[in-house]
Amino acid sequence: MAVPLLGALGMVARAQLRRRWLSLLAIGLLVGFVGAVIGGAASVARRTATAHERLERATNVADLQIVLAPVPELAARAASVIPDVQAVWVTSASVARLDDRRDVVYIGALSGHAVGSDTRVYTPIVIEGRDFDPDAAEATIDEDAARGLGLGVGDTVPLRMLTLANYNNFDTGFGEPGGPRITVTITGITRMAGDARHQTPLILSPAAAQAAPPVKMAVLIRLAAKPGAVARAEQALAAAAEAARADRDPDASEWPEFEISHPATDSDPRAAATSHVVVTGLVTFAIVVAVTGLATAGAAFGRHHDSGRADQRIESTLGLPLAGRVGARLIATVPAALLAGVFALLGPVIVGAVSPVGPLAVFEPHPGYAVNLTVAAVTGLGAACAVQLLSAWSAFRANRHMVARDRTAAGNPRVRPARGRAARRGPAWVWVGVRFAGGLYRPAVVRRPAVLAVGLAVAALVAAGTVDQGINRLRDDPGRYGWSADLRVFDARPEVVQALKADPRIGAINIADKAAVRVGADCPGVTAVVEGGWGAYDGCREISAFSIIKVPAKGTTSPEGARAWTILSGRQIGDPTEMVIGIRAARALHVGLGDKLVVAPGPGGGQPARLTVVGIGIGPPISGERLGDSVLVAPQVLDRTQLTTPWRDALVAAADGVSVDELAAELGVRYEVDQRRPPPEIANLDGIGRLPELLQLVLGTLAAGALGHTVLINWRRRLPEVAVLRTLGSTPGQTAAAAAAAAAATALATVVVGIPLGLGIGRLAWWEIAAATGVGGDTAIPMALLLALPAATAGMGILAVLAPAAIRRGWLTPSMRSGGD
């Protein structure tokens, strides 16, 4: 029996190929295109998501970075007490003022690797130009700093170096820098992972660094990959810091003995937030394309096999079992599966030339073509398997539908009368069109995938619009990321504040003191256990703390410009027993409104401060801290809990009608001034560019195509019923109206389902983006899109079903000989 069965399978498969090879190849191309898009999106998403991690590996980012006083013996002691050291680099850091600029600009610099130093830690990649010559007065500069300062390869930069005394008196003022004047030539633009590049973007050659007075020393360490290595290193450093406290320079009290950071594990907030947005968008796009495309392919296979049900009936009568009939059709789809696999494989191969999306391209350590062979192979194999699975599924479902139809024909045919008179109110063409749209007597194998495809495409469009609306609102309203002031004036000494108060061009002044504090019941100096709210934090965490003092200004400005912190929920502090906590810090500490939080006393001792959280908000990230990862307390609380002497800056808002640029230029001649700029997390969300709009355009096109395909096929399968209506006296106008009603009903049904689903998906996606960014998670509703969608989808559906009448005779007026496939 096996040989005749195999022969029958081959005969049926050849017959399918001979008569339907074109439609099978078309479906294979469709699945291949879908696979190519999915594979390409997956490749770009993977390259984008891993860009920062790969840059960290390529540049040998340190596991541990220790910044301390410029005492070589202290640096050697810090390096020697750390266990499990794999590589270490000890270097000096200096600060200089750019000496050829009208405004006041300072820049941090590191002494570069000397000949013979350990190059297994902190090795920036030179992306333009070359590395410095160790024996020449040369330097390299980070690409972000070079872009901001307008510097390039070959530029000569005069530097006025700060002395150690200048640096230690930054907060009180020091006049002109007292160090030597040196000139360096920029030989290369570098790319480096980690936040250190923002603090010290300039790397001096050893020859140039000899003339630069060190103000700090940096110990950068890579640890052996052993469990608990970082914790053991921190314990050793804590003991060494306690021993070094007695030798600290009194002028340097604003800095701790050892400033410890973990560059390899403290992910760059720019990379984390932006990668989350981009990858979420690409993955969502890929999922929508996958479901929509495969649902369309499934519907096409369903029509293909449903139209051949007569063949299956004959094959069944001749004794070919169900498995044989399905297997024959699987054999016939092998060429289509191979075509789909080859076409899908091209997607990842082509996008190998695409860099990480948006601002994450600056983290790519190896620009250029890079194809992911694993993704390409999986995509090709997946597309081929998808063709076979869809063919088998639709062939099986078509057989079941055939059996059910035969049983119905043998008994009484199904009649679905209208449910009451309400169903027949209004013009007949309306309820005829609605009944046609409802899938009367239409196989579920054809109807459900098509409707699912359109509804999901609409939902994805709404979700993309919701995220885009949130990004635009965040970009256009600086208060949403805590930046209400126009300018930041560094080192707000009393004489500087007096001058700002007397300036009529200034409308609001907030003096911001910022220092590190420890919060939690487990911190040193805290003996009582926190009681009260459910979110009370019983650990110990170091966090940035602000106190704000409002100073009267001569000019006037809006209330928004005068506020220092943005309150998302709750209120501002009213007395020293209250605090406002940043939204990211609130999530990290698991505290909410009304909870108690203990702030440990400073090094001088005293009583801890037990504060009630009365507000959750966002403060200006003026010192590099992550957005929303800070707290606001009363000045007297900061005085007794600060770990170091606070930095003091003036947050200035221009008076109404005053040009911010002109004010910044004028103040910049006398003071170090920085205009308001979005923090890295926000800047890079905005740096994504038109990606959200592009996704909306693609998803909108996909939804329009799926809708047009659905209403066309729906009407095509209704041509026999329409012919009956024409015989019973329906006019061409009534027939066209019924077609339009059916298309509009189908379109509106997908909108009714797609809009709530899309808003839910968009809200969830925006909440994830907001949590990664550190801003409020309230959703921005794209009202213009929601209002336009019903009319737009109905119009496209009507146009799709009526347009063929201009080129196809009998499309709206079929005869009794017309029929569906």
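Including glycine, each Cβ sits where the backbone N, Cα and C put it.
Unlike curated entries, TrEMBL annotations are predicted automatically.
Features of the protein shown, as given by TrEMBL:
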type	residues	note
DOMAIN	450-667	domain 'MacB-like periplasmic core'
TRANSMEM	21-45	transmembrane segment
TRANSMEM	277-301	transmembrane segment
TRANSMEM	330-353	transmembrane segment
TRANSMEM	373-396	transmembrane segment
TRANSMEM	450-467	transmembrane segment
TRANSMEM	694-715	transmembrane segment
TRANSMEM	736-761	transmembrane segment
TRANSMEM	781-807	transmembrane segment
Outside the transmembrane segment (373-396), six or more residues from its ends: residues with CB under 8 Å to it: 27-28, 31-32, 34-36, 38-39, 42-43, 46, 294, 297-298, 301-302, 304-306, 322, 325-326, 329-330, 333-334, 336-338, 340-345, 347-349, 445
For the transmembrane segment (330-353): best-contacting stretch of 21-45, 277-301, 694-715, 781-807, by Cβ pairs under 8 Å: 21-45
Folded-back contacts onto the transmembrane segment (21-45), same chain, C-beta under 8 angstroms, at least six residues removed: 278-279, 282-283, 285-286, 289-290, 293-294, 296-297, 300-301, 304, 332-333, 335-348, 350-352, 354, 356-357, 371-372, 375-376, 378-380, 382-383, 386-387, 390
Confidence summary (mean pLDDT) of the domain 'MacB-like periplasmic core' (450-667): 85
